[in-house]
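I'd like to ask some things about the structure below.
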Amino acid sequence: MPPGVAVCFSSLFIRLVCMAFLTSSDKALWHLALPMIFSNITVPLLGLVDTAVIGHLDSPVYLGGVAVGATATSFLFMLLLFLRMSTTGLTAQAYGAKNPQALARTLVQPLLLALGAGALIALLRTPIIDLALHIVGGSEAVLEQARRFLEIRWLSAPASLANLVLLGWLLGVQYARAPVILLVVGNILNIVLDVWLVMGLHMNVQGAALATVIAEYATLLIGLLMVRKILKLRGISGEMLKTAWRGNFRRLLALNRDIMLRSLLLQLCFGAITVLGARLGSDIIAVNAVLMTLLTFTAYALDGFAYAVEAHSGQAYGARDGSQLLDVWRAACRQSGIVALLFSVVYLLAGEHIIALLTSLTQIQQLADRYLIWQVILPVVGVWCYLLDGMFIGATRATEMRNSMAVAAAGFALTLLTLPWLGNHALWLALTVFLALRGLSLAAIWRRHWRNGTWFAAT
């Protein structure tokens with residue numbers, strides 16, 4: 001073939017590939033997903049810094065304590081993740097329906113819930129911590145470090161939960177810049193304070209907790225300033241905000257109930273990994289903390305696509321536009337599938353080097369290498385359930401999300417029966433089964449709705 005013809009065919013092939021993988025829907029998805037990916041990865045980046053900073057102290061007890069404390073915090077706060085999820089779905093639907101009064105309601109009502117729940121957690125933190133550490137069990141030295149971490153960390157509860165609402169609302173109105181500023185500035189501040197308080201002032205686990213508390217309240221202030229700006233842009237008046245606490249509160253509570261039950265099952269499964277890992281020894285819990293940081297980093301990055309799907313799915317639901325919904329879904333599958341595969345390749349080729357950066361403890365590095373294969377498998381298994389979560393959140397189909405999570409949790413529990421034979425591998429196998437079942441069950445429900453034409457039916 002003459003060189004000129006070869007170049008022509010190559011150029012045509014590249015254009016066809018770009019047309020297939022970068023349609024207008026793909027570009028619209030990336031417009032919202034890309035800033036969310038970059039802002040999202042600052043969240044696990046904070047976890048990476050926590051792990052790296054604490055992991056370079058002179059004992060694995062500190063790392064284990066932060067792992068237990070972070071898991072308890074995640075379990076409790078993520079039970080209230082419905083504050084962000086329901087806010088995003090309802091806000092996106094109001095945005096699609098072009099209803100400013102509904103937009104005001106989807107901000108004020110969940111914000112009141114968040115501040116009330118956060119205040120209760122801060123006031124009652126000591127008995128809740130006692131209960132959490134009693135359930136976890138394990139090394140007394142690790143539990144003591146976890147207690148020191150949590151006594152300070154949970155003072156941030158009102159701000160942390162309010163920030164979930166602000167993030168959900170900003171995402172729902174598709175103002176991509178605001179969530180980026182909210183997450184990036186807050187988490188960078190957290191990272192800087194983390195290094196200074198832990199390494200500079202030698203505050204150990206208390207320093208890591210205090211850094212997060214300061215950063216959460218700073219983020220809340222920034223978020224409120226951003227929301228104030230966007231209220232003006234969206235034509236939402238002060239009178240609308242004053243009356244926004246009224247009306248449809250029962251629907252919000254019912255929606256949040258189902259999402260909270262879903263979140264409870266999710267956190268029970270992830271909490272089981274820490275609890276059962278702690279009973280396998282201090283080294284195992286430290287190893288799993290390092291590996292879970294990698295998984296969290298991947299999940300948050302891929303959640304950038306899920307967040308974009310939430311916003312577009314909710315907008316399409318509010319406008320009753322099935323064509324837009326299907327275009328966004330196909331674009332999300334293409335783009336997030338490629339990114340998930342890239343994560344798997346990176347962990348396959350450079351996983352050992354990444355672990356070495358996170359901890360200088362040789363025994364932890366060597367032990368972590370045995371379980372690295374799960375970090376290669378999990379991105380390509382988990383990406384589909386993240387995307388489908390976005391579809392269902394946007395449509396506020398919380399009951400079906402709850403039922404899907406129940407199926408996945410049952411599969412997780414059954415897989416744990418292999419623990420006496422597989423040891424720590426059983427924990428990671430159970431997590432893989434859990435993510436796979438979430439994706440498969442949601443896909444089956446989505447397929448049924450699409451065939452029957454019932455996706456846009458009232459929820």
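Cβ atoms here come from the backbone N, Cα and C positions, even for glycine.
What Swiss-Prot shows for this protein is this:
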- 2-22: transmembrane segment (TRANSMEM)
- 29-49: transmembrane segment (TRANSMEM)
- 63-83: transmembrane segment (TRANSMEM)
- 111-131: transmembrane segment (TRANSMEM)
- 154-174: transmembrane segment (TRANSMEM)
- 180-200: transmembrane segment (TRANSMEM)
- 207-227: transmembrane segment (TRANSMEM)
- 265-285: transmembrane segment (TRANSMEM)
- 289-309: transmembrane segment (TRANSMEM)
- 338-358: transmembrane segment (TRANSMEM)
- 373-393: transmembrane segment (TRANSMEM)
- 416-436: transmembrane segment (TRANSMEM)
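Describe each of these features in terms of where it is and what it packs against.
Tertiary neighbourhood of the transmembrane segment (63-83): same-chain residues 47, 50-51, 54-55, 57, 110, 113-114, 117, 121, 128-129, 132-133, 136, 138-139, 141-146, 148-150, 153-154, 157, 160-161, 164-165, 168, 205, 208-209, 255-256, 259-260, 263-264, 266-267, 270-271, 274, 278, 282, 285-286, 288-290, 292, 359, 364, 398, selected by CB-CB distance under 8 Å and a gap of 6+ residues from either end.
Cβ atoms under 8 Å from those of the transmembrane segment (111-131) belong to residues 72, 76, 80, 83, 147, 150-151, 154-155, 157-162, 164-166, 245, 252, 256 of the same chain, restricted to positions at least 6 beyond its ends.
Sequence-distant contacts of the transmembrane segment (154-174) (same chain, at least 6 residues past either end, Cβ-Cβ under 8 Å): 32, 36, 73, 76-77, 80-81, 83-92, 94-95, 103, 106-107, 110-111, 113-115, 117-119, 121-122, 125, 128-129, 182-183, 186, 212-213, 216-217, 219-220, 223-224, 226-227, 230, 234, 307, 310-311, 314-315.
Residues 35-36, 38-40, 42-43, 45-46, 49-50, 53-54, 163, 166-167, 170, 206-208, 210-212, 214-216, 218-219, 222-223, 226 of the same chain lie 6+ residues outside the transmembrane segment (180-200) yet bring a C-beta within less than 8 angstroms of a C-beta in it.
With a cut-off of 8 Å between Cβ atoms, the residues of this chain six or more beyond the transmembrane segment (265-285) that come close are 60-61, 64, 67-68, 71, 74-75, 78-79, 135-139, 142, 292, 363-364, 367, 402, 405-406, 408-409, 412, 416, 419, 423-424, 427, 430-431, 434.
A Cβ distance under 8 Å defines the sequence-distant neighbours of the transmembrane segment (338-358), meaning residues of its chain 6+ beyond its ends; these are 21, 48, 51-52, 55, 290, 293-294, 298, 301-302, 305, 365, 368-369, 372, 375-377, 379-380, 382-383.
Same-chain neighbours of the transmembrane segment (416-436): 269-270, 272-273, 276-277, 280, 284, 287-288, 291, 295, 371, 374, 377-378, 381-382, 385, 408-409, counting only residues six or more beyond its ends whose CB sits under 8 Å from a CB of the stretch.
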